[in-house]
Amino acid sequence: MTTTTDTTAPRTLAEKVWDDHLVRRGGPGQPDLLYIDLHLLHEVTSPQAFEGLRLAGRGLRRTDLTIATEDHNTPTENIFSTIADETSRKQIETLRRNCEEFGVRLHSLGDAEQGIVHVVGPQLGLTQPGMTVVCGDSHTSTHGAFGALAFGIGTSEVEHVMATQTLPLAPFKTMAITVEGTLKPGVTSKDIILAVIARIGTGGGQGYVLEYRGSAIRSLSMEARMTMCNMSIEAGARAGMIAPDQTTLDYVQGRPHAPQGEDWDAAVAYWRTLHTDEGAEFDREVVIDADELEPFVTWGTNPGQGVPLSRAVPDPEEAEGEDAQDAARRALQYMGLEAGTPMKQIPVDIVFLGSCTNSRIEDLRAAAEILRGRSKAENVRMMVVPGSAKVRLQAEAEGLDRVFTDFGADWRFAGCSMCLGMNPDQLAPGERCASTSNRNFEGRQGKGGRTHLVSPVVAAATAVRGTLSAPSDLEPVG
Amino acid sequence: MEKFATHTGVGAPLKHSNVDTDQIIPAVYLKRITKTGFDDALFAGWRKDPEFVLNREPYRNASVLVAGSDFGTGSSREHAVWALRDYGFTAVISSRFGDIFRGNAGKQGLLAAQVEQSDVELLWKLMAEQPGVELTVDLESRTVSCGAVTVPFQIDDYTRWRLMEGLDDIGLTLQHEEDVEAYEQRRPGFKPTTLPART
């Protein structure tokens, strides 16, 4: 990324946002110091940071730019009873005590604004174009959908932001991911991002900020854009961004923390400047043809190990290089799969619809649309976990909860849930899950659990048929 | 943070690529609210296997981990660094690290040394020929040595300087308090605040 102060030369979106947050430019070999507009907290990565402040006798500099929610550990049923797991309960109680002591706004379990931190920020209108947003969570890249520079940080950095509202950062490189064309019915932004990761690999984005652009991206809703930016980290990138446009403005306007009156006008005037200039250069460019894309699914144990759903489990011997072959063999062994098996013949035990990737109202609507009037495969259990209490209330207002429960799915309260299994929502060893979440790592959803990453509509079709399926595989509702 | 200059210890080969932070420390161990005591959680999913490298002599007391490419990808959990450190590792060597992991390591005095993949394979070969052989990582010269073989590693200048001086980032930033205040003065008024809460 730029290290010049020349703001008249053509710049990328990421460079503009970077430049606008420079507190202090570092010397040669030194990081720049950037101001942070919004710091999101949750119970897992914050306790040691609060403790660090306390030990050093430091305060939290900007409580008015900080907000906390409970999400990773929270149960998704019986939320008004005491949390049974003692260590989970203690971690949540610690967050409550810390927020009280340092004056941080907290949305606790049972609160109407509680939910997954990356669902709550945009929903409240706190995530806006051109901001810097950080959180002790790698999926902070989600907020880049608004044209914000948003990335995950470790607990030492959480403490640093608490104490100073800044972060020392080494410049990133920039990569354009251009997606032109029109998506076929049943193909979603989840399929685009899974295809991108399969193309560039789980390390392909390392050191880069990705900018998603092109006609297929412009036509996506804000929630679909969030799904894409969310998974930028799975390509190794710290952040993903999409330039704000009318879709972005329409989403932000009227939300509780959106600018109002003259502030709105001033903000919009600024936001309109947030796009990559004609002639600006990216360090790398990747082009994807949207017309060619199909529903995508993972077969292995990292998000880059994916194929179109219409294909078969690939042969490890055909992977490029000894390292990739070895990784593929290990993955198939863990996943209990054989090369050559058509993906659509793989039966699943559980379908999980949720996580910061795909738990927003549009995701629930898209899945419900497929489930309505159909019945669940007997061998499958389905769990629907809305991303926030607000999403849950909205879904109930639209009657989606009844579609899910009539179908035979569990309708749960908001949280991270089975995406990482820190609460009781876990896979048993050997159980196979079609999951709308973001990581198919070994043991991620429960020790010995096997994960296939899918879009919400593929998750729904899979729950109907009992094997990995696309919506187009379903019989019309008669 | 203690100053880091050079370290010599037994090397352990971890011959997998894409060792994500969920493998380094599974999420169930993240419920603790302390910053230490994670040694039992390191590679917990694999430690049950008696054949796992750290369960075998002479690797139980290894302090230099030589891993496949893309080590530390995925989740931002700094617990991954705490677990490696608590187990006794002082340095991790790989041809590519997850960005967040590498940043976290630098803040906790764990050296993340990036070497060419061919050099990772060379080190694996030397460790296979002489199990339990000691490796020396030298931050001053940015090299890893094993017997007569020395290979270079990469680390950014700033992290190297901070590790060698044992400096804490927050203390360094607080020296620029005036710059932070000046930035806050010129920050646009339309930027949102979380307080007072609006819902």
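Cβ atoms are placed via backbone N, Cα and C, with glycine included.
A:C356 is the only one of A:C356, A:C433 that TrEMBL places in the [4Fe-4S] cluster site (with A:C416, A:C419). The stretch that TrEMBL tags with region 'Disordered', taken from the ranges A:69-91, A:299-321, is A:299-321. Packing against the region 'Disordered' (A:299-321) from elsewhere in the chain are residues 194-195, 197-198, 201-202, 231, 234-235, 327-332, 334-335, 337-344, 346, 438-442, 452-454, 458, 468-470: each is 6 or more residues past its ends and has a CB under 8 Å from a CB in it. Secondary structure of the region 'Disordered' (A:299-321), assigned with DSSP and counted as helix (H, G, I), strand (E, B) and coil, comes to 3 helix, 4 strand, 16 coil. Other residues of the chain with a Cβ within 8 Å of the Cβ centroid of A:C356, A:C416, A:C419, the [4Fe-4S] cluster site, are A:D71, A:H72, A:I116, A:H139, A:G354, A:S355, A:T357, A:S359, A:G415, A:S417, A:L420, A:S437, A:N438. Counting other Cβ atoms within 10 Å of each Cβ, the lowest count among the binding-site residues A:C416, A:C419 belongs to A:C419. Sequence-distant neighbours of A:C356 ([4Fe-4S] cluster binding site) (same chain, 6+ residues apart, CB-CB distance under 8 A): A:I116, A:V117, A:H118, A:V119, A:H139, A:T142, A:N230, A:G387, A:C416, A:C419, A:N438.
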